[in-house]
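Here is the structure we will look at.
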Amino acid sequence: MAFKQTSYRDTWAEVNLNHIKSNVEKAKAHFKQKMHLMAVVKADGYGHGAVKTAEAALQAGAAFLGVALLEEAIELRETGIEAPILVLGRTRPEDSQLAAEQDIRLTVFQESWLVEAEKHLSSKNKLHIHIKVDTGMGRIGIVSKEDLVSFANVLKSCEKIETEGLFTHFATADEKNSSYFQKQYHRFLNMLEAAADNIGDLSYIHCGNSAAGLRFPDKCFNMFRFGISMYGLTPSEEILDEIPFPLKQAFSLHSRIVQIKKLLPGESISYGATYTTIDEEWIATIPIGYADGWYRYHSTYGGEVLVNGQRAPIVGRICMDQMMIKLPEYTPIGTKVSLIGEQDNESITVLEAANRIHTITYEIPCMISKRVPRIYVGG
Ligand SMILES: *Cc1c(COP(=O)(O)O)cnc(C)c1O
């Protein structure tokens, strides 16, 4: 699953581990209460590389790791990471023994799951679980107080399962209007009452994703699930003014010119011949395309790149492995091209790239495929 380290191509993503560390340190300092920070490194660390990101976050003070899938947790264990890991999605009960052996915490919210898992678990290693309650996300979790009480009763008879935490997830924490967030928060408080009466002490209670933690630190109990903003990205543009400290973007994307040519007026570029030169124009070819996760929409919606600190437009359709840009002058082969990142005083942020193709910051680094090597700086 890890990103390839050897590569023979002139395209790479750079991940600044010092930026990740700085974001983790600043986030921890932002809470008044004692806060256990869970670094969320699912989907290969949102496309940054899970192992390197996890190591940097742990060094900077994260106490826990969060992933979506059991295999993602196992990948971290295989590289020797010993920190506690929680799988945030549903794992099959028949795989609970594997999780217990590897000291991986699972998210649980079904009585039938408990019964089934007890059959697969050995008495040697107890399985630690975090109970998920659904307060309005409508995705996974126990929906009602009655169901939580009933779940707690089944849990009492489970000898191989130990409850370590209880959590929920917000649907709108990144929206300016916080009324739905407040509604979910109050439902969560209500669920916690039932948990206190029926489950007893819990080591970890958590609800905050990046947006909730950064905006409402006093509503995050004792654990913060830090995902998108650990990578230095805003959960949404509308809450940019509420981010309490400057986030440092860790991800940038670069390539190099592989061909440069001067075309006469009236020559067309790429599939469909959708772009035609007006004057004599300098056109350069860049070896990155939609199979690298650089979607065709970047050309549809007027995408730009940086060359020598200046913006240059993408011209013609983005191909599977290559695309073309228009430059103001002759520029040598090998010149660095930044699709995301900084050059001199110009920058193209992940947010700009996301807005351009009408998506969210999360998708941009996740989309950049495995064939683009990740190069790490700092750490
Ligand atoms: C992905 C995820 C997070 C992290 O959310 P961000 O918005 O990236 O901070 C937190 N909790 C759960 C359950 C998740 O699935």
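Backbone N, Cα and C define each Cβ position, glycine as well.
Just so you know, TrEMBL annotations never went through curation; they're auto-generated.
Now, the feature entries from TrEMBL:
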MOD_RES   Lys42  N6-(pyridoxal phosphate)lysine
ACT_SITE  Lys42  active site, proton acceptor
BINDING   Arg139, Met320  substrate binding site
DOMAIN    250-377  domain 'Alanine racemase C-terminal'
ACT_SITE  Tyr271  active site, proton acceptor
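Features per TrEMBL, on structure.
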| residue | record | contacts (Cβ under 8 Å, 6+ apart) |
| --- | --- | --- |
| Lys42 | N6-(pyridoxal phosphate)lysine | Ala50, Gly66, Val67, Ala68, Leu69, Glu72, Leu88, Gly227 |
| Arg139 | substrate binding site | His169 |
| Tyr271 | active site, proton acceptor | Gly316, Arg317, Cys319 |
| Met320 | substrate binding site | Gly289, Tyr290, Ala291 |
Using DSSP, tally how many residues of the domain 'Alanine racemase C-terminal' (250-377) sit in helix, strand and coil.
22 helix, 51 strand, 55 coil
For Lys42 (N6-(pyridoxal phosphate)lysine), which of the three DSSP-derived states applies: helix, strand, or coil?
helix
Where does Arg139 (substrate binding site) sit by DSSP, helix, strand or coil?
coil
